[in-house]
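Notes for the one structure printed next.
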Amino acid sequence: LPLLLKATLLRLASGSYHPFYNGFFYNHIMNDDDDGQDKVDYFNGARLVVETSQDPVYSYNGANVTLPCHYRYEPDQGPKRKIRIKWSKLRDDYTKEQDVMVAIGKTYVAFGDFKGRAHLRQGSRHEASLVISDVRLKDDGKYRCEVIDGLEDESNVVDLRLQGIVFPYQPPRGQYRLNFHEAERVCQDQGAILANFHQLFQAWSEGLDWCNAGWLADGTVQYPIRLPRKHCGGVHLAPGIRSYGERHRHLHRFDAFCFSSALKGEVFYLNRPAGMTLEEAKQSCQDAGAEIARVGQLYSAWKFLGLDRCNAGWLADGSVRYPIVTPRANCGPTEPGVRSFGFPGKGRFGVFCYRER
């Protein structure tokens with residue numbers, strides 16, 4: 001009992017002099033200026049704080065973006081030795097998904113798809129911001145900035161969101177023909193990726209209403225409903241995202257929800273008096289120094305560039321569509337959107353082409 005009481009008093013006394021922070025205090029163990037001699041520096045009461053943007057950082061496909069991260073000591077300890085900085089990409093549940101980059105001083109290594117695209121910006125004394133160049137669709141997500149000083153390790157999270165649009169996609173074969181892996185491929189073929197739940201929810205909040213279930217990036221199958229109705233979960237359910245939960249990625253078949261970001265180039269329309277076959281349409285785009293547009297590019301041009309054309313045109317997947325920003329007579333329904341004629345196979349239409357700036 002006397003020993004227990006003594007230990008309790010020592011712990012309380014220690015807490016009265018040093019601020020508690022996640023159980024760690026700055027010390028000099030395992031720093032980079034080790035001279036090979038065993039040594040221990042006792043706690044000095046300083047704590048490490050890592051700060052990132054509390055608001056999401058927005059970007060778009062092909063842009064350069066900086067994810068801000070700064071660290072400090074409380075109280076300030078003056079110049080420090082080399083600090084280890086580590087950036088990781090996280091899943092939505094904050095578990096680690098992918099190593100992005102590690103750095104010590106001015107030496108750093110980027111990993112995987114981030115090689116050649118990621119580096120640190122250290123413009124100020126305690127800055128550890130991550131710069132990502134040529135942003136890609138799959139870069140969307142949460143990132144952890146981790147600062148390691150000896151035995152102390154603190155981190156914070158910043159959310160990178162790409163400005164984009166979610167669109168449902170069915171292949172030429174018809175409804176519910178895609179397993180998960182096929183859904184991934186068809187989205188990529190259309191200049192997009194499988195949407196995640198956050199992106200689908202954002203699209204729903206902006207008005208997306210679609211009664212066909214589709215794959216999302218996490219392997220779940222869901223669909224957004226704004227107007228409850230009998231064959232879309234029932235009239236008694238509130239509006240929202242209907243979910244089938246996770247499904248077998250090989251055996252089960254549904255449609256896909258794809259996500260495409262803002263464009264680096266432009267989508268434009270070409271036509272001939274008698275229209276064009278699909279092959280003639282592809283050649284016309286090439287003659288104009290462009291390529292036939294993909295579905296994701298048409299949706300992005302409609303969403304972000306205000307493309308409004310009441311003329312049907314071929315796209316790269318063999319579908320025929322046209323984008324309407326301002327609904328009007330003889331141009332389809334009364335709501336804005338991308339209209340589809342499906343996959344006619346034969347026929348003569350105009351064409352939507354895509355050309356990078």
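Cβ atoms here come from the backbone N, Cα and C positions, even for glycine.
Given the structure is predicted, the values throughout are model-derived calculations rather than measurements.
Going by TrEMBL, these are the annotated features:
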| type | residues | note |
| --- | --- | --- |
| DISULFID | Cys211-Cys232 | disulfide bond |
| DISULFID | Cys310-Cys331 | disulfide bond |
| DOMAIN | 46-158 | domain 'Ig-like' |
| DOMAIN | 165-260 | domain 'Link' |
| DOMAIN | 266-355 | domain 'Link' |
Nearest-integer angstrom distance between the alpha carbons (Cα) of Cys232 (disulfide bond) and Cys310 (disulfide bond) | 30
Filtered by Cβ under 8 Å and at least 6 apart in sequence, the residues in the chain of Cys310 (disulfide bond) near it are Tyr322, Ile324, Arg328, Asn330, Cys331
Around Cys331 (disulfide bond), how many other C-beta atoms are within 10 angstroms of its C-beta?
-> 15
Would you count the other CB atoms within 10 A of the CB of Cys232 (disulfide bond), including those on all shown protein chains?
-> 19
Number of helical, extended and coil residues in the domain 'Ig-like' (46-158), per DSSP | 6 helix, 63 strand, 44 coil
